[in-house]
Amino acid sequence: MKEIVDIGIGSLALGFLLMIIPIAGFIYFKVKIVKETVIALIRMVIQLSLVAFYLEYIFAWNNAWVNVIWVCVMILVGAFTTIKRAGLTYRFFILPFAISGFISILILDAFFLGFVIHLDYVFDARYFIPISGMVLGNALNHNIVGISNYFGRLAKEQDLYYFLLVNGDSRKNSLAPFIRSAIKSGLNPLIATMSVIGLISLPGMMTGQILGGSSPMVAIKYQILIMLAIFVGCSINLMLSILLANRFAFDSFGRIKANLFKK
Amino acid sequence: MIKCEKINLSFPKQFICKDLSFEVFAGESICFSGPSGKGKSSLLKVLMGFITPQSGNIQIDGLELNSDTIAAIRNKMIWLPQNSNLPVDSANELSDLLQMNAKQVERFQQFQDQLGVRECGDDKSFAEISGGQKQRIVLAACLSLDRSIILLDEPVSALDDYSIDLLFATLNSLPNKTIVSTSHNKKWIDYCNRTIEL
């Protein structure tokens, strides 16, 4: 196996020079996202550096409890981020979204790491953390889209919800069109990605493995598995998030609670 | 039968009613009447459990309205909202949303015929028809569910005299329906058995 070529700090800094092009474009077109872009870049560097630092220790330690706590922290951050980006209030949604994240990761890690890859030690940091992270990262993006669609439409089209609540035959059915729309909007981008993967995009994990010296065949098998895990994880997470959030978002008369949304 | 006792309802900036009591017997039609903004629609929402009054008791067909009975009570009702400004594009979409069975779809078409909007319902999207036509299609959909209590919020506000007559004829063809409505239209008020002025 070939050794991967390390990137020096100087080369890394050179990479940042490329950012001059989009930022110059933003300034030229007067798009007010320069500040946000710079802040996001700085955050990315700090967060990834910290992660690299932590992961060095976590991989060396490889303790099941530490690894599980690490993944739980990722789940919680994901839940907080979803709530914030969807414009919802923390007190109603943190519990359902955290539980959905936890259950989806539990099912996926148990299935893929335990039954499919047959790891002797399921909590092995080298597999458990990156695979959980990849699933959670993708689930986060698609959850934000799906959840924003769901509660956004419910807020905007409450007349339809209340109309169906009386004229339909159950609360479940009156929510059905909103749930269908949320699931479609959340998962459609992922279906589109899956259908063109390999044609117009080479996914990060596969590229990383090939750069790391794995054979393309091994990398592809891992990539197929991870895409399956991502799709299943996103689907479970989104559907569970909606179902569990419904228990907190409505009162006992089926009315949408007034303070679900941040002012 | 609908029985309301000593209903007190007000919002932070609006008083609706104090100690309002009334009964609506099976087969009777009543109308909440009064100027705009007096809370006529709010009273219908009280009957559907969308608004909880500060105090008072409500019984519908022997069931006291509370969170345990609300699903059963709503299943006895149909509701035509004011303006019918629903985000729905066609009669077909409406029947899908209401998960109508074959018999209900047949009745939906019959009621569209009776209300004079069958052609609109069959061929046109809701963007192409008037507010009054859309309201009648929505009403036809609700009536096809064949429930005993009919709640109508401003049912004739967008209708001309001819369409109002079609509506009367349609409602007259339905035996033993209890109708609770809101309106300040004289023709509609005259049609109802009783009026409660707000």
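In case you wondered, yes, glycine gets a Cβ from its N, Cα and C as well.
Unlike curated entries, TrEMBL annotations are predicted automatically.
Checked against TrEMBL, the range among A:144-166, A:190-212 recorded as transmembrane segment is A:190-212. With a cut-off of 8 Å between Cβ atoms, the residues of this chain six or more beyond the transmembrane segment (A:92-115) that come close are 71-72, 75-76, 78-80, 82-83, 122, 124, 127-128, 131-132, 135-136, 139, 143, 147, 225, 228-229, 232-233, 236-238, 240-241, 244-245, 247-249, 257, 259-260. Residues of the same chain lying 6 or more positions beyond the ends of the transmembrane segment (A:12-29) and with a Cβ under 8 Å from any Cβ of it are 37-38, 41.
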